[in-house]
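Colleague: Pulled the feature table from TrEMBL, pasting it below:
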type	residues	note
BINDING	161, 182, 191	Cu cation A binding site
BINDING	318, 322, 353	Cu cation B binding site
DISULFID	86-100	disulfide bond
DISULFID	99-162	disulfide bond
DOMAIN	182-199	domain 'Tyrosinase copper-binding'
DOMAIN	346-357	domain 'Tyrosinase copper-binding'
């Protein structure tokens with residue numbers, strides 16, 4: 001079969017490209033920039049002083065050369081954000097927030113070719129007052145002191161995340177669809193590049209190419225609280241006033257934390273056991289394939305609101321670390337780490353995402369995972385500003401080898417790789433209680449616990465195929481924090497804990513900008529779980545959903561074999 005190539009480019013909207021046609025802006029751009037109650041500090045320029053066109057971010061898009069012979073299903077053009085139609089993002093309290101860029105030109109392709117590899121270290125190992133700490137704080141302070149028109153300015157770097165991840169762009173060719181890099185296979189590579197350029201800017205500002213950002217290893221006991229360097233002094237450039245005051249050290253992080261719930265007092269040792277079990281479940285039990293781990297493909301014409309796209313790690317623990325860290329006193333005003341538009345304003349964001357990036361390396365190197373080979377993923381590209389304040393185009397395929405990016409991760413213990421932390425059944429081979437069939441319950445609003453008996457499919461033919469539990473048609477407003485927990489064959493959910501096999505996991509959504517009614521699915525692998533529950537021969541299973549947020553609509557539950 002002959003191959004076909006589809007290539008799409010973005011030409012910046014500037015006077016040199018469009019001399020007779022000035023840019024047209026959405027009317028909402030005339031609204032003033034929002035002022036925040038947490039005042040600018042340490043010389044950081046207040047966002048309220050910025051002109052809308054001065055708010056600069058790394059531009060982005062996708063490039064694809066699609067081969068029909070290699071991937072006959074990939075017939076669409078790549079998903080492209082429409083830069084000339086950048087619109088204001090919306091905070092969870094419905095106030096508009098500007099994240100839009102000015103025009104850019106002179107974009108050059110960039111492929112890393114580091115010859116020396118430096119080690120990103122655990123944030124918990126850094127001592128306040130050490131040489132490393134002093135370099136780190138110097139870099140962030142200098143970034144905050146840069147001119148508002150400098151794309152390396154700390155707030156402008158934070159706006160990169162706001163625009164890409166909070167509905168700042170529509171999808172090119174589909175003006176009614178919003179573009180973003182969460183909830184799809186772009187999540188991991190986009191954030192890898194984002195943290196990489198933030199790190200390069202730090203190196204430039206302190207004139208030290210050996211400097212690397214730390215990672216917050218919330219996946220191991222020694223890292224399961226906010227690192228002290230981020231909470232040592234309120235005048236430190238690493239401090240953020242919008243963290244949840246109930247979760248400051250020595251509080252142990254809860255990797256299954258939910259907004260709106262009072263923090264249940266659990267002994268730190270027990271919470272650590274729960275967290276390790278969650279890591280095992282998410283990284284091993286529920287991450288068997290690239291689709292599981294990274295999320296689903298995202299191409300031109302795809303509606304992100306119906307993509308069913310988030311990977312396992314993006315939902316848990318990624319979302320939970322955000323919500324646990326950020327202010328959560330009032331859901332309508334979640335700030336900094338607790339909402340996507342503001343998350344990167346907290347310096348701890350980059351340590352958090354360095355550890356998310358580390359999960360990618362662990363999945364590949366320790367768990368036998370593999371990257372996608374789809375050309376639409378490998379050749380997807382984004383545009384960021386580098387350490388010289390110049391726009392560069394980078395591709396997913398060029399970030400897959402982190403040694404070429406010039407970094408590696410400190411070798412620290414990974415206790416959740418040990419099978420001893422694997423969730424254990426609370427009770428095996430139990431008699432299932434009576435419950436209705438899904439058809440008798442759904443569609444319905446999940447405003448209270450719901451249990452249903454779900455029939456298992458009959459396997460036909462030979463060969464191995466894993467059973468997948470699918471929560472169908474989850475509908476919610478993307479501006480809202482959403483979460484519910486899922487249990488299987490659990491007749492007493494109040495007695496079940498995160499380190500029990502009956503607890504499958506959660507579905508969650510971090511607050512996004514713009515009103516978007518999402519309709520998506522959530523999948524769980526259950527073959528291994530049923531084996532451990534001694535329920536392999538059951539014809540049906542009990543599924544229970546427990547709401548942990550404002551209500552969502554559920555359209556159905558079923559079990560099918562993984563294709």
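Backbone N, Cα and C define each Cβ position, glycine as well.
Automatic prediction, not curation, is the source of TrEMBL annotations.
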Colleague: Could you tell me what the rest of the chain brings near the domain 'Tyrosinase copper-binding' (346-357), counting residues at least six beyond its ends with Cβ under 8 Å?
Modeller: 120, 123, 140, 161, 188, 191-192, 194-195, 198-199, 213-219, 223, 226-227, 230, 237-238, 240, 242-243, 313, 318, 321-322, 325-326, 336-337
Colleague: Please list the DSSP helix, strand and coil residue counts for the domain 'Tyrosinase copper-binding' (182-199).
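Modeller: DSSP composition of the domain 'Tyrosinase copper-binding' (182-199): 13 helix, 0 strand, 5 coil.
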Colleague: If you average pLDDT over the domain 'Tyrosinase copper-binding' (346-357), what do you get?
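Modeller: Mean pLDDT, the domain 'Tyrosinase copper-binding' (346-357): 98.
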Colleague: Which one is it, among the recorded positions 100, 162, 318, 322, 353, that lies nearest to residue 191 (Cu cation A binding site) by Cα separation?
Modeller: 353
Colleague: With every protein chain in view, what's the tally of Cβ atoms within 10 Å of the Cβ of residue 161 (Cu cation A binding site), excluding that atom itself?
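Modeller: A count of 26.
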Colleague: How many neighbouring Cβ atoms, not counting its own, are there within 10 Å of the Cβ of residue 322 (Cu cation B binding site)?
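Modeller: Other Cβ atoms within 10 Å of residue 322 (Cu cation B binding site): 24.
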Colleague: Is it possible to get the count of other C-beta atoms within 10 angstroms of the C-beta of residue 318 (Cu cation B binding site)?
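Modeller: I get 24 for this one.
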Colleague: Using DSSP, tally how many residues of the domain 'Tyrosinase copper-binding' (346-357) sit in helix, strand and coil.
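Modeller: DSSP classes over the domain 'Tyrosinase copper-binding' (346-357) add up to 10 helix, 0 strand, 2 coil.
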Colleague: Rounded to a whole angstrom, what is the C-alpha distance between residue 318 (Cu cation B binding site) and residue 182 (Cu cation A binding site)?
Modeller: 11
Colleague: Just to confirm: which same-chain residues, 6+ apart in sequence, have a Cβ under 8 Å from the Cβ of residue 353 (Cu cation B binding site)?
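Modeller: Correct list: 191, 194, 195.
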Colleague: For residue 162 (disulfide bond), which of the recorded positions 100, 182, 322 has the nearest Cα in space?
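Modeller: Considering only the listed recorded positions, the nearest one is 100.
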